Amino acid sequence: MPTPASPVRIDRRKPAGRLTSVLAVAVAVLLFLVTQVGMLVHRTGSVVTSFRDYFVYDQLSYLSMVVNFARGDFASVEPFTETGRNTYPHLYYVVLGAFGHVTGLGPVESWNIVGTALQAGLVAAIGIACIRVTGRAWTGVLGFAPLLLGTFAWTQGPGQWYWQMSSHAVMWGPFGVLFTLNGEAAALSVAGIAFLGALVPFLRGSSRRARLVAMTAVAVVVGGLLNVHVYSFLATVFLSFYVVAAYAVIERPRRRLLVLSAALVPASLALAVVVAGAVGPLPAFVVGLLPTVPGLLATIGRTRGLALIPMGAALAATLPQIVTTVLASAAGDPFLSYRVASSKDLGVDLPLGPIAGAALIVPLVLILVAGIRARRTVWTAYAGGAMLAWAITSTNDLWRANQEPYRLWIDSFLLIAVTIVPVLLDVAVRTLRGRTDAAADADADAAVDASPLAPRRTRTLVAAATVLVVVIGATSALDWGRFFSAGRQLGQITFAEPLDRAIADVTAGATEGSIVTGPCLDPQIVKIDSGRSVAHYNLGMAWPADRDAVDDARTALAAGRVDAEATERAGIRWYLALSDCAAAPDPASVPGLEEVERVVHDPATGAAAVLYRIDIG
């Protein structure tokens, strides 16, 4: 966020009671659990041991990585076949697997516990930031509130809580993003905590050293996010770069610096179109950061090079993923070429973007106006930089970067939502004191309670603005109400049903080679149940060493025959089917399939999971 360049401005607030503050933050965390997990607790299955059946295809693919890591196999391979190379950012799933490996918890339990704990930490961080900024313990209760903000999708009609756009694109509030508990949710939670840790020292007027330490910590987190989730990383980078640059430009206004930064916005987007056509979409995305360069250079100069410390820390934290990707690209990894070429222009068009983002746009405009009137740089930079970064990233299809702009809109929405409450409280508190930024700094030793009240007109404006923000936010949260209701009907995958146990038992001896699953079985579920190598892959995540061989072998078996050559190349040795499945030829009649074992999962009908060995001669 803002730079460590500002003069020291210590703003001592009357400290809130420690016990009261802890209780307020605890209430916020409890309310978070009620609003984000409460819809699941009425089910018979445990919310800790069950997996949420929520946009589940990709989530099961991520969980397959955790399954491998949990058994101590940390190789970066395609997780289903356990061959090839996995360049998909997966640091978070390594952490989940290591957590399960050390504690003995299952992959699903690790997924639920760690994911929920990170989000609870985010809520606690919001509450603590509110208390630190205002000196009022009760404000800590507000920590859960930003996660309830919605996109006014309820206006579409009954039951609607998100906007369905073209293809797979959707727009929803923070609650929809975080509910998956996946790497994206974890990355955004950690980024939110880091941003709050940087904002508070600037809002409180802390020392340069404190700001530098905060900025370095944030930089490490921002860089590290590239190893967790790409779109969360991009949203975080753009938001932090634009706010930092805006702070530098506004803090010590220079006409040439301001004009150059403003002129670079349209110029860089036009250049990005050219770069996208000549080089590719990813380099074009980097061009979108050019408007921040003047501000960043000014920051380096004003800090006598100290700003290079957090910048270098951020770069160092990105290196593991960058090196992995570069090496894979140099080796001609076909998946990387496919992944870049398959990006779609899923942009956020007018007027949907402003309408869906109104719960944040209105308070951002109020913060911007307040910052300009009070000449308070941190307010102006935060609001102006956030709005500009949000607009640029969510329309990247227009400047040909084509990196799923709707995802960047969602991620930016969440990052702004979780940081805006402390800023709004700071605006309200300082404005009600009736002092400019300079006056507040001059009176830094005064406690909040000793400050004179603002004139009646100012208090009326603050009250009206507060009501406006609360009403718009509460109205948007009707989306969350419908989401909660829908969540009560959401299925949960237990991985503990009789069929799951039968799959685990029948595949226990299939330790060499991959398993092809019959048409009545979900290969992702089989992977989680068995922990074995399964002939399957997620097209958009990672590919096996010989993708064509896997496809050919599966196609042949589905048609009732064995393709010996493809089966050998793919490393496939087993076929798993259900005895009561009528959707494919009877495996017993397929030449080359030899029954090895069967485990009954339904004693009433005798239905069983049957494992066949594939004879390839």
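Here the Cβ of each residue, glycine as well, is placed from N, Cα and C on the backbone.
If you look up TrEMBL, you'll see 21-41, 111-130, 137-155, 175-203, 210-226, 257-276, 282-300, 307-331, 351-370, 377-394, 406-425, 461-480 (among others) marked as transmembrane segment.
Contact between the transmembrane segment (461-480) and the transmembrane segment (137-155) holds: at least three of their C-beta pairs are under 8 Å, each pair 6 or more apart in sequence. Distant neighbours of the transmembrane segment (175-203): 1-2, 6, 35-36, 52, 54-55, 58-59, 62, 89-90, 92-93, 111-112, 114-116, 118-119, 121-122, 125-126, 128-129, 132-133, 147-148, 150, 161-162, 210-211, 214-215, 217-218, 221-222, 225, 228-229, 231-233, 236, 239-240, 378, 382, 410-411, 414-415, 418-419, 422-423, 426, 479-480, 483, 487; these residues of the same chain sit at least 6 beyond its ends, with a Cβ under 8 Å from one of its Cβ atoms.
For the transmembrane segment (307-331), the residues of the chain that approach it from at least six positions outside its boundaries are 3-5, 76, 85, 87, 89, 91, 212, 215-216, 218-224, 226-227, 296, 299-300, judged by C-beta separation under 8 angstroms. With a cut-off of 8 Å between Cβ atoms, the residues of this chain six or more beyond the transmembrane segment (210-226) that come close are 1-4, 6, 89, 91, 187, 190-191, 193-195, 197-198, 200-202, 232-233, 236-237, 240, 303, 306-307, 309-311, 313-318, 321-322.
Taking residue pairs at least 6 apart in sequence, the transmembrane segment (21-41) and the transmembrane segment (351-370) share fewer than three C-beta contacts under 8 angstroms.
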